[in-house]
Amino acid sequence: MIPETQLPSEPQPGPPRAVKLAPSLLACDFTRLGEELQSIRGADWAHVDVMDGQFVPNISFGLPILAAARRASGLYMDVHLMIESPERYLRDFAEAGADGMTVHVEATRHIHRAVQLIRELGKNAGVTLNPGTPLEAVRPVLGDVDTVLVMSVNPGFGGQKFLPQSVERVRTLRRWLDELGSAATLQVDGGVSAANARALAEAGATCLVAGSAVFGQDGGAAGLERLRSSLGAGLGERA
Ligand code: DX5
Ligand code: ZN
């Protein structure tokens, strides 16, 4: 009989991964964009939601706001392009100050080409998908991206309710990325708050986007701090 200490054990979870926080500017007060960016200077990334009224039923803002945010802040600008055929505008967003650009697999016929183009522009490439799109749709490009974003609401609006099935989607993508040996950031966007941040991090997310949970109550700094402390031991430190 094998002594108990030598029995094969359950796979142990690896060391906790640091989690980046990316406040979404969509929820900030645009009359005070510079101050709002200052209030989140303790964040890791600033998330910039671009909507075209075609891919999603809402129009947000575009290049001039990104350029203004870039001038006002040294934060990494994480640009989420909710626009049809995003390849048409990648160069413009790169020149306006994006550090990373994330494109929707549903918005282009050529996701691989779009990802390649982002990298050719010297920027970090991200891919994302809507809650109703099978995860398999992004699998072929997982080895080619720096960020994979799980949408946990239907894109288009801030302040929506978190879709709980997203946790399982994060877990699956975490497994696929680990199998590939990929160090890509696994990001979640939509309805993220202090109530679900820890569960998402435990499922393997390494970057959380939050709009209303950061800017919606008592200011960006306090919102960010609340989110960070909800992550708890080992996960809440700045990534
Ligand atoms: C939704 C956007 C999100 C949005 C998140 O289409 O992609 O980034 O700003 O807002 P909250 O955190 O309020 O759900
Ligand atoms: Zn977003």
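Just so you know, the numbers here start at 1 and follow the chain as drawn.
Cβ coordinates are placed from backbone N, Cα and C, and glycine is handled just like the others.
Small disclaimer: the values here were computed from a predicted structure and weren't measured.
Per TrEMBL, the candidate among ASP189, ASP218 that belongs to the divalent metal cation site alongside HIS47, ASP49, HIS80 is ASP189.
In terms of local Cβ density within 10 Å, SER24 ranks first among the binding-site residues SER24, SER212. Listed in sequence order, the residues of the same chain lying 6 or more apart from ASP189 (substrate binding site) and placing their CB within less than 8 Å of its CB are SER24, HIS47, HIS80, THR128, LEU149, VAL150, MET151, SER152, VAL153, PRO155, VAL209.
In the three-state DSSP reading, GLY191 (substrate binding site) counts as coil. For the binding-site residues shown (GLY156, GLY158, GLY191), fewest C-beta neighbours within 10 angstroms: GLY156. The substrate site in the record is lined by SER24, HIS80, GLY156, PHE157, GLY158, GLY159, ASP189, GLY190, GLY191, GLY211, SER212, and its two most distant CA atoms lie 17 Å apart.
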